[in-house]
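Per TrEMBL, the features are:
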- A:188: active site, nucleophile (ACT_SITE)
- A:151, A:177, A:188, A:274, A:400, A:405: substrate binding site (BINDING)
């Protein structure tokens with residue numbers, strides 16, 4: 001597998017675009033509507049937020065994808081179209097307007113929104129902008145699309161990979177947005193993945209769920225899960241592989257690529273968490289099983305106290321143990337070792353569940369790097385897991401103390 | 001029921017003290033060991049942290065209270081004696097030293113610690129300080145005891161009430177510490193309650209659990225639950241009431257007082273949350289049942305995004321609905337109204353799950369008060385509940401980014 005450029009427009013038959021339509025009316029420089037298009041219909045699948053309060057575009061996309069088919073994705077930023085008057089109608093209008101200009105069925109459009117909740121979507125500017133958006137579609141358009149779905153994100157999240165499948169060269173691309181309200185089960189994240197592989201849609205959803213469980217569901221920025229979020233995959237089959245419909249060598253290769261793409265985008269979300277200055281990875285080894293390791297690692301990256309300690313480069317491992325303790329997962333504190341690691345080195349700070357004396361200056365140096373690994377070693381079995389988060393900073397408070405106004 | 005002064009030393013037969021022994025060695029002005037004593041043995045009960053990682057004093061107290069009997073409480077701040085070398089031995093030494101000087105059985109001492117995790121407790125300074133601590137016991141000592149258990153708390157948490165029971169005048173007092181790591185199931189909180197009522201110890205524990213469920217388990221500061229925390233009640237029976245051992249008029253009056261004391265202390269913890277500038281109460285009415293209302297209100301006060309919005313006096317009710325949505329509790333978003341209220345007024349911001357236009361300046365004025373109520377009205381049934389939290393501020397990050405060093 002090889003990383004390449006081109007993002008969601010890298011696979012054969014896909015193009016993308018992102019322009020300013022006026023949803024983010026405060027800043028005409030900012031792109032606010034993205035479009036991804038396949039020249040042929042795709043088998044498609046998505047996973048959605050588990051929040052009981054779901055934004056209108058989520059419901060509309062669920063309906064549109066119920067036949068496992070899609071050909072385009074339209075997404076605006078700046079307004080979540082959640083708990084907003086006329087939400088469903090506006091989401092449908094976005095599909096209709098895109099479909100009409102692209103000359104495809106309205107039900108083959110995936111629609112998504114992200115931004116502030118509860119305010120009416122300015123659907124007029126989106127409708128008016130669609131002809132320009134469709135005209136802008138190109139093989140170079142992924143960058144613009146990736147930027148058009150950003151809210152408080154500081155960096156664009158985009159990747160593409162090339163790999164072999166069934167003797168064919170297959171390409172997969174992805175873009176995502178994250179930032180705040182990131183937590184398992186699709187907390188404010190949007191992710192759109194395209195590929196020219198051929199996959200049967202019901203099986204595709206199964207593979208997507210497996211990939212999300214190991215990647216997006218292991219990211220926490222602030223413990224809040226959002227109303228809007230989804231990860232959708234469109235597979236147009238133009239690479240010419242035999243359709244993947246069951247477990248086997250091909251599905252494994254496809255899943256590997258999907259996990260690679262999702263893992264990269266998930267880590268980007270953690271790294272670009274609102275206000276974040278550190279990417280924090282919690283790794284757990286020696287757990288009784290992988291599920292336990294996942295629960296423990298998620299509790300550690302989700303703890304406000306661990307996150308604040310990481311901000312302060314403070315080797316406060318007691319908070320790591322404490323978070324593991326309330327995770328609900330089974331482990332023996334008295335058989336737990338904790339290391340902090342970064343490119344500056346590694347230091348053991350807790351052995352057999354008890355504090356040991358260590359060089360505080362060295363720990364501080366290690367924790368001052370941008371990327372920190374909290375490495376937790378248990379003695380229960382062979383279960384491993386990792387989760388990604390970020391530190392809790394003054395900027396997180398600043399951004400979220402006045403996001404709407 | 002009438003609020004009086006005197007705290008834990010208000011009930012007949014109780015005295016208290018708090019002095020500086022040297023655990024908080026950085027600041028000799030700060031009291032760091034508290035003692036509460038009853039001149040006669042008490043029926044006693046406690047509830048403890050559910051964190052799997054429990055500090056040594058928790059285990060020792062559990063053992064000491066297994067007979068439902070206690071006569072003194074000793075507690076230090078500045079060091080949690082959790083995940084620390086020699087923890088159990090040191091916790092037992094605290095009991096032994098206090099018991100010896102008080103001339104009571106070692107197993108009748110409740111021991112607690114709070115502070116940093118993972119560092120050896122300086123038991124020597126506590127042992128050396130105990131004679132002075134016992135000498136300091138007095139009817140005026142509750143204030144000093146309440147101060148001696150504070151860590152990052154800014155205000156002392158103390159209350160006493162007087163009420164009638166079985167024709168007798170009964171007094172109940174309580175002190176508590178809170179601040180960070182506050183979340184249901186006894187997240188870093190310590191609470192000691194004394195009363196001269198007579199209650200059978202097994203039934204006392206049942207009443208304490210019921211009171212905690214409605215008070216301490218409805219407070220969230222940061223979602224972290226700690227290794228150390230407990231709420232213990234000592235009842236010495238000197239008021240002369242008939243021993244309460246089953247449901248009835250007396251148990252109701254006693255539970256009312258206990259809830260009053262616990263509720264006051266729980267609210268103080270939220271108000272004094274680390275870095276907090278607002279006390280935020282989420283009230284839910286019209287839920288299908290009380291359990292649902294409790295889960296919804298807890299999700300709202302626990303949300304980092306709601307908390308950051310409250311810091312910014314931002315009427316971002318979308319985050320309130322969003323938090324309700326991921327609470328796991330059952331409700332219909334489309335039948336949800338949200339009001340913000342404070343002593344400056346009340347404003348409806350979301351009607352039937354949808355944003356309505358409202359006066360932003362008025363909302364800002366309402367949310368700028370120190371005490372904010374988020375009033376959520378559902379249409380499912382008669383379930384009600386409330387939970388207390390605080391805003392997420394720059395100071396929370398500052399305090400926890402560098403607590404240990």
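Note: Cβ is positioned from N, Cα and C throughout, glycine not excepted.
Please treat TrEMBL annotations as automatic predictions, because they have not gone through curation.
For the binding-site residues A:151, A:400, the greatest number of Cβ atoms within 10 Å around a candidate Cβ is found at A:400. In the three-state DSSP scheme, residue A:274 (substrate binding site) falls into the coil class.
In sequence order, the binding-site residues from A:151, A:177, A:274, A:400 that place a Cβ under 8 angstroms from a chain B Cβ are A:400.
For residue A:274 (substrate binding site), the Cβ neighbour count at a 10 Å cut-off comes to 29, with all displayed protein chains included. DSSP classifies residue A:151 (substrate binding site) as coil under the three-state reduction. The Cβ neighbour count for residue A:177 (substrate binding site), using a 10 Å radius and every protein chain shown, is 29.
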